[in-house]
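Engineer: For reference, TrEMBL lists these features for the protein:
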- A:48-68: transmembrane segment (TRANSMEM)
- A:75-92: transmembrane segment (TRANSMEM)
- A:112-129: transmembrane segment (TRANSMEM)
- A:141-159: transmembrane segment (TRANSMEM)
- A:179-202: transmembrane segment (TRANSMEM)
- A:179-374: domain 'ABC transmembrane type-1' (DOMAIN)
- A:214-240: transmembrane segment (TRANSMEM)
- A:260-288: transmembrane segment (TRANSMEM)
- A:309-335: transmembrane segment (TRANSMEM)
- A:355-378: transmembrane segment (TRANSMEM)
Amino acid sequence: MPNRIKSVVSGPGLLFASLGLVALFAPFLTLAANRIVAGEGVRVWDVAGPEAIIPGMVGVVIGLALGLPSAWQSVRFTGSLVGIAALVWLLMQGSTSLLEGAGTYARVSLGSGFWCLLAILLLLAADALSSLSPGPKMRSALLAVAIIVSALVLWSGALTDLSIFREYANRQDAFFNAAWRHLGLAFGSLVVAAAIGFPLGVYCHRNQGLRGAVLPVLSFLQTIPSLAMFGIMIPLLAWVGSTIPGARELGVVGIGFLPAFLALVIYSLLPVVANTVAGLEATPILTLDAARGMGMTRHQRLKQIQLPLGLPVMLAGLRIVLVQNIGLAVIAGLIGGGGFGTFVFQGLNQTATDLILLGALPTVILALISAITMDILVELARPNQMRHG
Amino acid sequence: MIEIDNITKIYDGRAAVEAVSMTIESATITAIVGTSGSGKSTLLRMINRLVEPTTGQVRINGEPTAGLPKNALRRRIGYAIQGHGLFPHHTVAKNISAVPRLLGWHKDKIHARVNELLELFSMPPDEFRDRYPAELSGGQQQRVGVARALASRPDLLLMDEPFGALDPIIRTRAQADLHRIQRTLGSTILLVTHDMEEAIQLGDQVAVMDQGQLVQHGTPAEIITNPATEFVAEMVGGVDRPLRLLSLLSVSQILENGTAEGDPLDEKSSLREALSVCLWSGRSALPVERNGSPIGRVTLEAIRSRAEGTHEPG
């Protein structure tokens with residue numbers, strides 16, 4: 001009997017279900033008198049009336065239960081979606097009902113119970129998805145649906161009573177400025193790093209001596225702690241701005257966008273160059289010998305053989321850079337470079353947790369979307385070596 | 001005709017190939033045999049200038065290769081290597097058409113040529129054109145590699161251990177295929193191998209290399225009957241030499257008038273097979289037939305006299 005149960009019930013599913021049930025007892029939301037003081041935890045069954053709570057809790061439990069059967073991965077995935085929908089429902093109901101009569105400055109924030117349940121359900125979704133191993137097209141579709149549904153929920157205004165959305169409402173313009181700035185920092189530095197790094201990688205591949213000089217320097221730069229790097233940029237660019245005529249007029253100053261951007265470019269170079277070299281070297285020696293022997297020029301070999309065969313490795317380098325830069329760009333906020341980091345550091349100064357989250361959450365989501373997208377691209381770039389597989 | 005004229009390659013003061021001269025007639029197979037480090041691959045790679053000779057000259061139909069742009073030269077010379085070196089991200093058709101595409105052939109001409117070659121190698125185009133190399137067996141990959149090398153109808157086909165990665169049974173078939181295709185197309189082939197058996201089976205001419213030098217160049221029969229040095233004799237293999245010699249001759253070459261008992265042998269059979277049949281069935285003479293009708297006989301006596309190696313092969 002125990003063996004049969006073991007094979008029918010998914011191990012991770014059982015773990016998620018038990019952890020989820022425990023998490024239901026943790027404070028789901030917190031209620032505070034204003035945005036700065038620490039809030040008081042409210043358990044899930046106290047956040048609203050029974051007519052709102054019961055469907056939500058049932059939804060969460062059903063979602064966790066659907067995660068149990070080991071044989072039906074799509075059922076488990078559906079379970080995670082049901083659970084997440086139930087969480088959103090509970091948030092909508094709870095935030096509104098807790099604020100009723102709680103005072104003008106009262107704030108409802110997300111509690112540890114919510115975060116734990118969200119994490120558990122996302123893990124369940126990831127576990128089921130990895131067993132389903134959807135192809136790149138399916139994954140793109142899932143990602144698009146997830147983004148659209150999330151956007152609809154946010155736009156519908158159903159969650160506006162939550163403290164983090166209050167913070168957002170107070171800074172709507174600043175938020176979009178920060179978002180653009182953040183994207184500009186992360187993607188802009190990626191583009192510049194790729195424009196420098198790809199050719200540099202090709203030259204390093206061709207010239208052993210150059211490689212021996214370039215790669216150690218880039219690895220050294222990579223080891224400089226990010227805060228120190230941003231710090232070094234300030235006096236350096238300030239000096240450039242004040243000594244070189246015309247530099248200041250072009251916007252070269254010690255603080256702001258430029259030092260942050262440059263620091264990100266410098267961090268990006270190692271992954272781009274190293275992966276370009278590794279990608280170009282992925283071509284089997286015999287394949288290259290055959291290409292040379294049949295009279296392909298160096299340029300033709302690069303374009304027709306080495307680049308297509310090395311593309312997945314090179315894109316993997318860009319993926320590292322992108323995810324890394326989205327995270328690192330937060331620190332730009334500290335030196336006036338803008339981006340979501342601005343909210344994080346403002347929030348830290350004001351001890352306003354939800355303002356920190358307003359900076360941190362979009363960063364995490366952005367990094368996640370980028371990682372998934374790049375993974376899909378890497379897979380699509382993988383040379384077609386088998387029709388079925 | 002390919003003329004290799006006093007060609008030398010020196011690496012770090014040491015000669016990898018030293019003053020080699022030889023002439024390769026059109027529409028023949030020449031096999032270069034040697035141990036590893038004998039300079040045979042270097043010699044081959046100097047012909048399409050993957051390696052530049054230190055001194056000496058190679059001429060193709062009288063034209064010195066040194067005067068031609070490297071890539072233009074290589075596109076005129078087929079090149080097939082051990083483990084095929086196919087492009088893993090290209091289909092069979094795209095692999096085979098690599099050189100014609102470099103030469104800018106018209107699409108339709110390329111399509112027809114690929115089909116023609118696949119047919120020649122007994123790989124139905126409909127089935128194989130769109131496959132990727134990873135979807136083929138080792139023998140099929142090797143055939144595609146040779147087809148690719150032949151695609152632009154090159155003046156010369158260079159093959160560096162082309163069958164080295166194949167298992168013995170498939171290798172024998174691949175060798176027979178190559179021989180058949182060479183006879184059909186009249187290609188000129190220069191093939192490098194470490195396997196004397198392969199060289200004797202395939203080569204119209206065999207060139208033996210040792211320590212960078214060409215020690216002997218002649219027909220397989222000459223190599224077997226009159227090895228020029230100890231080294232060649234060792235390569236040919238003392239015990240097997242009479243049998244190797246017999247495997248080069250066909251029954252029709254020592255045909256006598258008359259009849260004999262038992263199952264007949266085709267006139268194209270080698271003397272090695274004839275000897276084997278004589279010994280196995282205990283007969284001293286075998287009837288020989290051409291296209292199913294008797295034309296004479298071979299005797300054990302005649303076979304033996306051939307195996308003694310005192311006669312020049314006919």
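The backbone N, Cα and C atoms fix where each Cβ goes, and this holds for glycine too.
Unlike curated records, TrEMBL annotations are generated automatically.
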Engineer: Would you confirm whether the transmembrane segment (A:260-288) and the transmembrane segment (A:355-378) meet the contact rule of 3 or more C-beta pairs below 8 angstroms, pairs 6 or more apart in sequence?
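Structural biologist: No, these stretches are not in contact.
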Engineer: Near the transmembrane segment (A:309-335), which residues from the same chain, at least 6 beyond its ends, have a CB less than 8 A from one of its CBs?
Structural biologist: 181-182, 185-187, 189-190, 193-194, 197-198, 201, 226-227, 230-231, 233-234, 255-257, 259-260, 263-264, 267-268, 271-272, 274-276, 278-283, 287, 341-345, 359-360, 363, 366-367, 370-371, 374-375, 377-379, 381-383
Engineer: Which bits of the chain, at least 6 residues beyond where the transmembrane segment (A:112-129) starts or stops, bring a Cβ under 8 A of a Cβ in it?
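Structural biologist: Residues 10, 12-13, 16, 19-20, 23-29, 41, 43-44, 60, 63-64, 67, 73-74, 76-77, 79-81, 83-84, 87, 90-91, 142 contact the transmembrane segment (A:112-129) from elsewhere in the chain.
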Engineer: Give the nonlocal contacts of the transmembrane segment (A:214-240) in its own chain as ranges (CB under 8 Å, at least six residues past its ends).
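Structural biologist: Contacts of the transmembrane segment (A:214-240) (Cβ under 8 Å, skipping residues fewer than 6 from its ends): 200, 204, 247, 252-255, 258-260, 262-263, 266-267, 269-270, 273-274, 277, 328, 331-332, 334-335.
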Engineer: Under 8 Å between C-beta atoms and at least six residues away from its ends: which parts of the chain pack against the transmembrane segment (A:75-92)?
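Structural biologist: For the transmembrane segment (A:75-92), the far contacts come to 10, 13, 20, 28-29, 44, 47-48, 52-53, 55-60, 62-69, 110, 114, 117-118, 121-122, 124-125, 127-129, 132, 153, 158-159, 162.
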